[in-house]
Amino acid sequence: MEVNLLQYEQKYHNYIVAGVDEAGRGSLVGPVVASAVIIDKVDIISGIKDSKKLSKNKRDILYEQITSNYVWSTAIIEHTEIDDINILEATKKACTIAVANLSLKPEKILVDGNMKFSDVRFISIINGDNLSLSIAAASIIAKVTRDRLMLELSAEYPQYLWHKNYGYGTREHIEAINTHGLSSYHRKSFKFC
């Protein structure tokens, strides 16, 4: 059964609604990236869904369409700040900054997950990237942005295979850490590191 990805946008049809999602929260290395997107409820881009369910090629195409047609913003919190304030607070900060940087002020903010925000406009939706078109669009922007950053870092540290694992704890990545030690981009606060 296909889910109506506009159910939340329709529920809040009288409001300016932004969707927010992050990429990189579970990674061992690099930044966490959050994106906020306000979709055009009349001009819906076809094919938008949770970024994890799309091929890299399809994500790249949708990234260009979303960034060309919708209001969007991205915020990046670097690994050093993640180590200072913890990954949850860094993720919340990235989400808040992404929303603040939008050129339109949203009245309702749909965010993937179960995070709690002091700003009452935030509405946390578990599995939101599969339930809201705005959140799904934000997931695409966040993932493509972070993946591109990790490809740049991979050129500096090719031994960690970030061009394949994007900093996540794959077997090959763990083996590379055991062989080469930590890079300057690894999150030192993570238990593994």
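Numbering starts at 1 and runs along the chain as displayed.
Each residue, glycine too, has its Cβ placed from N, Cα and C.
Database features (Swiss-Prot):
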BINDING   D21, E22, D112  divalent metal cation binding site
DOMAIN    15-193  domain 'RNase H type-2'
For D21, E22, D112, listed as binding-site residues, tell me which one has the smallest number of other Cβ atoms within 10 Å. D112
Is D21 (divalent metal cation binding site) helix, strand or coil when read with DSSP? strand
Sorted by sequence, non-D21, E22, D112 residues with Cβ within 8 Å of centre, divalent metal cation: V20, A23, A34, S35, C95, V111, G113, G128, D129, I135, A138, S139, A142
